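Have a look at the structure below before the remarks.
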């Protein structure tokens, strides 16, 4: 199964983590990867990493979909040019995936601010993927495999890149139905779980405390959950669970502790930070962002551009390598180890 890998913002750590990650894979597998990027950026990154004594793959060994730059990109200095380039890399990879040239895409981090400065109004890569593929409903799902127990943390966000004050208005039974359907389909088709157990977080502290700390649970979330359970009798839906205790069982399963709390096959978080705080606390190096609902696989490391360390040689490629491994696994290709050799 071939994959497209993007450089992300070339002023960030994307070029570095890509070259480091591919250096840890068997050379006979390199023919499966196509890089959407700029050769000059890769060559300069490789030369710098060699001077810094870092292990990286020579870009000459890679298959490149070249996008030339009009301006010089300096590591750690985000610009309109770097935003324009990162959007072009992503667009190329999407077009190639739509054409069936690759089974999936692994995207390095981009800067939303640079996209805005370059004239692109999309809030993130997920939204671009949905737009260019004509996909009405997609989900932002995070996967992390424990290096201790191999248990997989699976968390779907009901809402994504919106202000916290907009979350209650954005949450609707119809929207949750769409996300739940995507999650169940993913668990069955990609994780082979026919009767999954899915926990749904509450919105308010203590899930509203019977309406004393917020009305959303009482007025529509609990009724929606009851209706969803009737619609999916073969799936166990648990909730709304108070958010401050929901992921305790996940932590026990992650670290292999005796588990008085329950770990679930998947978690549905109602807003961005509610889901990503536990994900990043447990699985910052292992977590992968997966877009579900697309006609092809898309994964991404669960971190940003890290402009502050770009060019220093200290960026950790583990999450990018995990994103490659998950993309291969989910596209039913070869399974790579999820930890660096």
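Cβ coordinates come from backbone N, Cα and C, glycine included.
Per Swiss-Prot, the features are:
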type	residues	note
BINDING	126, 280, 289, 298	substrate binding site
BINDING	161, 206, 272	divalent metal cation binding site
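This view paints the features noted in Swiss-Prot onto the structure.
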| residue | record | Cβ neighbours (10 Å) |
| --- | --- | --- |
| 126 | substrate binding site | 23 |
| 161 | divalent metal cation binding site | 13 |
| 206 | divalent metal cation binding site | 15 |
| 272 | divalent metal cation binding site | 18 |
| 280 | substrate binding site | 16 |
| 289 | substrate binding site | 25 |
| 298 | substrate binding site | 27 |
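According to DSSP, residue 298 (substrate binding site) is assigned to a strand segment. For residue 206 (divalent metal cation binding site), the nearest neighbour among the listed binding-site residues (126, 280, 289, 298), judged by C-alpha distance, is 280.
It is 14 Å from the Cα atom of residue 289 (substrate binding site) to that of residue 161 (divalent metal cation binding site). In this structure, the C-alpha atom of residue 161 (divalent metal cation binding site) lies 10 angstrom from that of residue 126 (substrate binding site). In the three-state DSSP scheme, residue 161 (divalent metal cation binding site) is classed as coil.
In this structure the alpha carbons, written CA, of residue 298 (substrate binding site) and residue 272 (divalent metal cation binding site) are 19 Å apart. Among the residues the record lists as binding substrate, namely 126, 280, 289, 298, the two farthest apart have Cα atoms separated by 19 Å.
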